[in-house]
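A.B. asks: So that we are looking at the same thing, I have put the structure below in structure tokens.
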Amino acid sequence: MSNVNDPFGGLFRMKGNFIDNLPKIYGFYTGGFLLFFALMAVLETMGVSADVIGILFLSFTIFIYALIGWLSRTMQVDAYYVAGRQVPAVFNGMATAADWMSGASFVAMAGGIYFGGHGYLAFVVGWTGGYVLVSVLMAPYLRKFGCYTVPDFIGTRYGGNLTRFLAVLVLVIASFTYVTAQINATGTIASRALQIPFEVGVWFGLISILLCSMLGGMRAVTWTQVAQYIVLIIAYLLPVFWMSNKQGFGVIPQFVYGDAVARIQELEGMLQVGMAPAEGAASTFPGLKALTTLHADTGGGLAAWKFVTLAAAMMLGTASLPHILMRYFTTPSVKAARNSVTWSLVFIFLLYFTAPALATFTKLQIMDPNLATSIIGKAIADVNAIEWIQRWSEVGMLAVADGNGDGILQINELFIRGDIVVLATPEIAGLPYVISGLVAAGGMAAAMSTADGLLLAIANALSHDLYYKIIDPKAETRKRLVVARVLLIVIGAAGAAVASLKLTGILGAVAWAFCFAMSGLFFPLVLGVWWKRANRPGAIAGMAVGLGVGSWYLYMVKFAGMTPWIGLDDLRFGIVGAAASLIAMVVVTLMTKEPDAETQAMVDEVRVPSGDTILGSQH
Amino acid sequence: MNTDTTQRREEHWKRTKALMIKHLVVWFFFAYLVHLFASSLNSINFFGWPLGFYMAAQGSLIAFVVQLFLFAKQQDRIDQDCGVAEES
């Protein structure tokens with residue numbers, strides 16, 4: 001079978017069509033990956049070095065993704081832009097989860113909770129709660145619309161090239177901010193595992209990313225993202241299960257780690273966490289931090305307000321990010337789009353409710369004097385002799401300083417980088433190196449899948465909305481798809497070039513992307529469906545003012561030294577931008593005349609699942 | 001479009017809006033309200049966890065997942081009742 005719907009036809013000879021065989025295909029794939037893992041474990045016991053195992057893990061998984069990408073190549077418009085609209089809800093859920101969970105979720109989140117405690121959990125709440133908005137307000141209606149891209153919806157619902165152009169502009173700014181952080185993450189992981197310079201690692205990462213998406217567009221990205229989700233979730237969960245089993249917290253530790261939290265609170269008093277400032281200035285150990293925040297303390301003053309505003313920014317941002325919304329264009333029906341959002345959240349939840357557990361266990365292992373792995377309260381000389389301490393010190397991700405000169409390690413004398421909470425946990429807990437190789441492959445999968453989704457979102461908006469709809473509406477299919485691919489390479493190269501400059505931290509860039517997206521797109525998207533009266537001048541004002549005010553506020557707070565309004569710092573600037581966008585859109589809409597009857601009828605059609613999509617299957 | 005279809009569509013949109021508001025209220029509760037009172041909730045012990053911490057680390061997340069399963073089911077029911085569901 002080698003019909004257009006069957007990318008793997010050449011590899012698998014099966015009865016029935018490709019879609020029906022998906023569970024079987026990915027079942028084989030998962031089994032194969034576990035077998036590979038077992039093989040690596042055997043190689044390790046036979047004395048193969050840790051470096052070689054790391055290289056094998058990375059190259060094997062990247063080869064598989066590239067193979068899927070090549071098998072999914074296509075020259076059809078709807079396969080390229082929306083995977084032929086035949087991705088079942090559960091598989092689209094997995095693909096969305098991989099698209100969603102970036103290097104930041106995989107590598108940085110548990111470390112963030114380790115240091116930030118309760119306050120950092122606002123990210124966990126925000127990055128899950130946003131899916132309620134996606135399902136209730138957006139995804140099913142956008143699916144009914146039948147668009148290829150998010151600007152396609154804005155441009156058709158409100159009409160006019162200016163609206164389309166503004167939507168493309170917001171999309172490019174938000175997604176490009178995000179993608180540089182992801183290419184940065186792939187570069188970091190590749191350079192560490194393959195032992196090449198970071199600048200080379202970035203380009204290596206980019207080539208791996210493009211191998212997945214270039215030939216098959218959305219169809220290729222979909223099937224590689226499902227494969228990447230399977231790798232990343234195994235890589236995240238397996239070490240946690242293993243570790244907790246070893247320490248007697250049961251097989252599924254996520255449900256029983258309450259006692260560990262209680263124990264940490266007890267130890268925090270004994271070890272005087274947060275009582276004394278960190279020893280040694282930050283300049284001594286750039287990028288490293290000592291623990292000074294209590295694990296479950298909510299903090300006083302504006303803390304609760306800062307928690308909910310950060311959560312709100314992440315949620316509205318979730319519901320505005322084009323690379324996520326466009327995943328729901330690929331389902332076979334409106335109902336499937338809705339179910340697919342639910343499955344996305346289930347698959348995301350698996351990782352997100354594990355991250356706080358991981359942070360808690362790691363902290364307890366380092367702190368609790370009853371555990372063999374603890375280092376706080378031990379003699380500095382003994383601590384410096386531990387293998388994992390040495391290994392991570394060598395690469396500058398960990399430092400021990402005897403600030404008060406008593407020869408004993410205090411909690412404020414241990415400096416680590418947040419990232420190593422996930423990366424070094426297997427070693428801290430004394431697990432074999434094969435687990436560390438697995439974790440590196442998982443981190444790479446997380447960063448690659450998100451980068452792929454983002455690059456495709458940008459390239460598709462530029463090729464479909466800017467080139468085809470605005471510049472050259474007569475372009476033939478072949479030319480459109482060639483333009484899309486050239487843009488993919490150009491944008492990827494630009495992203496890698498910016499990433500190799502290391503301008504911002506990974507997490508900062510991610511939060512900014514959310515804020516840009518919500519400033520410009522949230523209200524024009526929501527009101528496009530839920531407010532029939534919303535019109536073109538209103539949408540133009542909403543996007544322009546939202547993006548303008550948001551960017552201005554970010555600049556003032558971050559670079560011009562303005563005091564943030566009521567604690568709304570640069571991570572939360574989207575709140576200011578979105579509020580401005582809402583006001584501008586409503587005021588301008590009410591001052592101008594209502595949309596014509598044709599547009600109003602179109603909105604009525606969008607609101608019901610039955611019937612044809614608004615835009616034809618080839619447009 | 002005949003009047004019967006128009007009526008069914010109006011009914012459909014009315015019920016859809018009501019469902020939307022209901023779910024956004026629940027969402028607001030778990031997304032913001034509980035976290036505004038996290039420090040008071042922390043004095044309650046929930047299987048070892050301080051409740052405020054638990055809600056942020058797990059409780060709200062579980063609520064969102066359950067809520068989305070319910071929402072998909074309820075919205076589908078409304079679509080069926082009003083005769084605007086897709087043919088399958």
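Placement of Cβ uses the backbone N, Cα and C atoms for every residue, glycine included.
Whatever TrEMBL says is automated annotation, not expert-curated.
As annotated by TrEMBL, transmembrane segment applies to A:49-68, A:89-114, A:120-142, A:162-181, A:193-214, A:226-244, A:307-329, A:433-462, A:482-503, A:509-531, A:538-555, A:575-592 (among others).
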A.B. asks: In terms of Cβ proximity under 8 Å, which residues at least six beyond the ends of the transmembrane segment (A:538-555) contact it?
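C.D. replies: Sequence-distant neighbours of the transmembrane segment (A:538-555): 154, 157-158, 160, 162-163, 166-167, 169-170, 173, 512, 515-516, 519-524, 527-528, 568, 570, 573-574, 576-578, 580-590, 592.
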A.B. asks: Do the transmembrane segment (A:307-329) and the transmembrane segment (A:120-142) share at least 3 Cβ pairs under 8 Å, sequence separation 6 or more?
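C.D. replies: Answer yes: the transmembrane segment (A:307-329) meets the transmembrane segment (A:120-142) with 3 or more Cβ pairs below 8 Å.
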A.B. asks: Applying the under-8 angstroms CB criterion, which one of A:49-68, A:89-114, A:120-142, A:482-503 scores highest with the transmembrane segment (A:509-531)?
C.D. replies: A:120-142
A.B. asks: Mind checking which residues reach the transmembrane segment (A:120-142)? Cβ under 8 Å, same chain, six or more beyond either end.
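C.D. replies: Sequence-distant neighbours of the transmembrane segment (A:120-142): 100, 105, 109, 112-113, 150, 153, 306-308, 310-319, 324-325, 328-329, 334-335, 337-338, 340-342, 344-345, 348-349, 352-353, 355-356, 525-526, 529-530, 606-607, 609.
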A.B. asks: Which stretch from A:49-68, A:89-114, A:482-503 shares the most C-beta pairs under 8 Å with the transmembrane segment (A:162-181)?
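C.D. replies: Between the candidates A:49-68, A:89-114, A:482-503, the best contact partner of the transmembrane segment (A:162-181) is A:482-503.
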A.B. asks: Mind checking which residues of the chain, 6+ beyond the ends of the transmembrane segment (A:49-68), have their Cβ under 8 Å from one of its Cβ atoms?
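C.D. replies: Same-chain contacts beyond the flanks: 7-8, 29, 33, 36, 40, 43, 189-190, 193-195, 208, 211-212, 220, 223-224, 227-228, 231, 433-434, 436-438, 440-441, 444-445, 448.
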A.B. asks: By a Cβ-Cβ criterion of under 8 Å, what residues six or more beyond either terminus of the transmembrane segment (A:482-503) are in contact with it?
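C.D. replies: 80, 176, 179-181, 183-184, 187, 198-199, 202-203, 205-206, 209-210, 213-215, 217, 451, 455-456, 458-460, 462-464, 467-468, 475.
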